[in-house]
Amino acid sequence: MTITPEIKQRVTQLRQQLQKANYAYYVLDDPIMEDAVYDQLYRELDSLEKEHPQLITPDSPTQRVGDQPASQFVSVTHNIPLYSLENAFNLEELKAWEKRWQRSYEKEEFTSVEYVCELKIDGSALALTYENGLFVRGVTRGDGTTGEEITQNVRTIRSIPLKLNIDNPPPIVEVRGEAFLPLDEFDRINQEREEKGDALFANPRNAAAGTLRQLDPKIVDQRRLQFFAYTLHLEEAEISSQWESLNYLENSGFLVNPHRKLCQFLDEVEAYFKQWETARKDLPYMTDGVVVKINNYSLQKALGFTQKFPRWAIALKYPAEEAPTLVKNIVVNVGRTGAVTPMAVMEPVHLAGTTVQKATLHNSDRIAQLDIRVGDTVIIRKAGEIIPEVVRVLKELRPPNTQPYEMPDRCPECDSPLIRPSGEAVIRCMNLSCEAILRGSLVHWASRDALDIRGLGEKIVVLLIENGLVNSIADLYYLTPETIANLERMGSKSADNLIKAIEGSKQQPFSRVLYGLGIRYVGSVTANLLVENFPSIDQLSQASFASLSSVYGVGEEIAQSIIDWFSIEKNCDLIKQLKKVGLQLETTSSEQITVEPSLTPFSGKTFVITGTLPTLTRNEAKALIEQAGGKVTGSVSKKTDYLLVGEKAGSKLTQAEKLGINQLSEADLLRLLNSE
């Protein structure tokens, strides 16, 4: 059919009118067109494009929702990595962050520093790419280096422009931001799911993440996600600050959080945080803190990055939420190291955006300290809005005839005697054949930071064990699609994918294999340090206590743990089996592992420990600190950076207070370690 100039002009007019209406409605929240008029114009444009498909452009409003579902998502490497942010859980930690960056870069031109404050939106981070002003790619954050391309789904988000609203756009524009579900939309979706008998989403963040990974973009479109842009990357652009970037994004057609603020001093940042700590309850979306960034790009560049975080930004998290609930039962779980951890099973309670039914009680000492009993009303808290814990018992509400809880003396999984090793706060099952230990070891082996075997979660691990298919980590590598296809929830396609993932894990580097073995105290950072100094499993297994403990960041506790692990015959047999099936148990020429001491969390920091800690022994705390690059001494002095304080602290606490030394609780220590 012939395309007349009048038709071309009409299509262009319709497209421009609809784009303006979309921007006014979804970004400015100021509608300029009645719904009926919008629908009429949309139908006219859609009809003209169907009659003349050569007139369709990628930025047309009709092209937001694709017709065909995706078969799968493809992993892609980010052009620019998406870093995590360091967390601060109180204003003192915010001040400490400022002192850290000031110490690391002292130059006159940055004596006056501005900070940009933005609400930290509780959603899913996305990376967007525009070429010559047109949206071409949307990718999930993933692990920060690689993510999944979900371009079709991202196109459905109306607050993301398909074409930048600027003249002469740069050839490449990279935008970062957060996709989220408004609270009213979250409630609507859950109401519909409840009516259909589907499982409810726990919180808006989970709902947003699950929505973005839908294969059918029509489902994504129905859920009405929103997007706040917060980072801009341009090549050779004359933009010198974060504040200018946010304005550029807004002028380009993006929705930028309207509550951002440019602060001249840290006192203003604190006031902003306190304001939104209260006012956030009135927002139409979830926010879990405030992101604070140094405004000046030159200073940002000078400060640079750690392994995981930009030094020029920090996330100041809101205080943990607390709520009362009833303890229905106390159960114990056996972990992969044999540690037996008591858990409180409670009446469901809504806390920090999720429904909580269980909370850790850590160990028998903590239970005795709390005097917690079945039937008690307790206050629970989500530290950092992640880990539920019982903080106190409301004994005035305790019903009569409750009994003190006693920890079991035999393993609930294998009935072996439980032992409390000398100097430890936890009791352990020492039976290496215990099914719970095997289950935990397999799940750890398959985890993202270890061998990263996709599809091998706890449910599949349980099925493999129950069906007698796996009795050790090495057994995974003898599985075939035929042997697992008949397992519950499996099927031939899933079986093929799982076996491919297991086979693919043979290419994971030695450092990941070492971490996956689950040697006590050997985290991913320590595994890298060990591999750098002992490039093969044979060298590591034969290393002396002196050579191990002399490695920076290892220390005596970790060294002894490694020696103990290799002294067990069953573990040595496992290494032989892993060699046989082809795992990487030595470094290759292409594998370069460098872990700078300056990049470890507590590098150069001196700690002193005083009092009795709630869950850790002094040796355990010391090992964790040393593993993170710190040093533990026996006395407080001006050179002490932190005092780790437990109950019944002695004169060291008094001395630290006189010297103005920072004090940490065990919870503070663990939060700092986890945030790294």
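Each Cβ is built from the backbone N, Cα and C atoms, and glycine gets one as well.
Annotated in Swiss-Prot:
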type     : residues                                                                                : note
BINDING  : ASP35, ALA36, VAL37, TYR38, ASP39, SER84, LEU85, GLU118, ARG141, GLU178, LYS293, LYS317 : NAD(+) binding site
ACT_SITE : LYS120                                                                                  : active site, N6-AMP-lysine intermediate
BINDING  : CYS411, CYS414, CYS429, CYS434                                                          : Zn(2+) binding site
DOMAIN   : 597-676                                                                                 : domain 'BRCT'
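The structure, with features from Swiss-Prot marked on it.
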residue : record                                  : contacts (Cβ under 8 Å, 6+ apart)
LEU85   : NAD(+) binding site                     : VAL291, PHE309, PRO310, ALA313, ILE314, ALA315
LYS120  : active site, N6-AMP-lysine intermediate : THR287, ASP288, GLY289, VAL290, VAL291, ALA315, LYS317
ARG141  : NAD(+) binding site                     : LEU82, SER124, ALA125, LEU126, ALA127, GLY147
LYS293  : NAD(+) binding site                     : TYR115, VAL116, GLU118, GLN242, GLN300, TRP312, ALA313
CYS411  : Zn(2+) binding site                     : VAL334, VAL340, PRO417, LEU418, CYS429, ASN431, CYS434, ALA436
CYS414  : Zn(2+) binding site                     : CYS429, ASN431, SER433, CYS434, GLU435, ALA436
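By the criterion of other Cβ atoms within 10 Å of the residue's own Cβ, the least surrounded of the binding-site residues CYS429, CYS434 is CYS434. Per-residue confidence over the domain 'BRCT' (597-676) averages 75 (mean pLDDT, predicted model).
In the domain 'BRCT' (597-676), helix, strand and coil residues by DSSP number 32 helix, 17 strand, 31 coil.
Summary of the Zn(2+) site environment: with the site residues CYS411, CYS414, CYS429, CYS434 set aside, the chain residues having Cβ atoms within 8 Å of the Cβ mean position are VAL334, GLY338, PRO412, GLU413, ASP415, SER416, LEU418, MET430, ASN431, GLU435, ALA436, ILE437.
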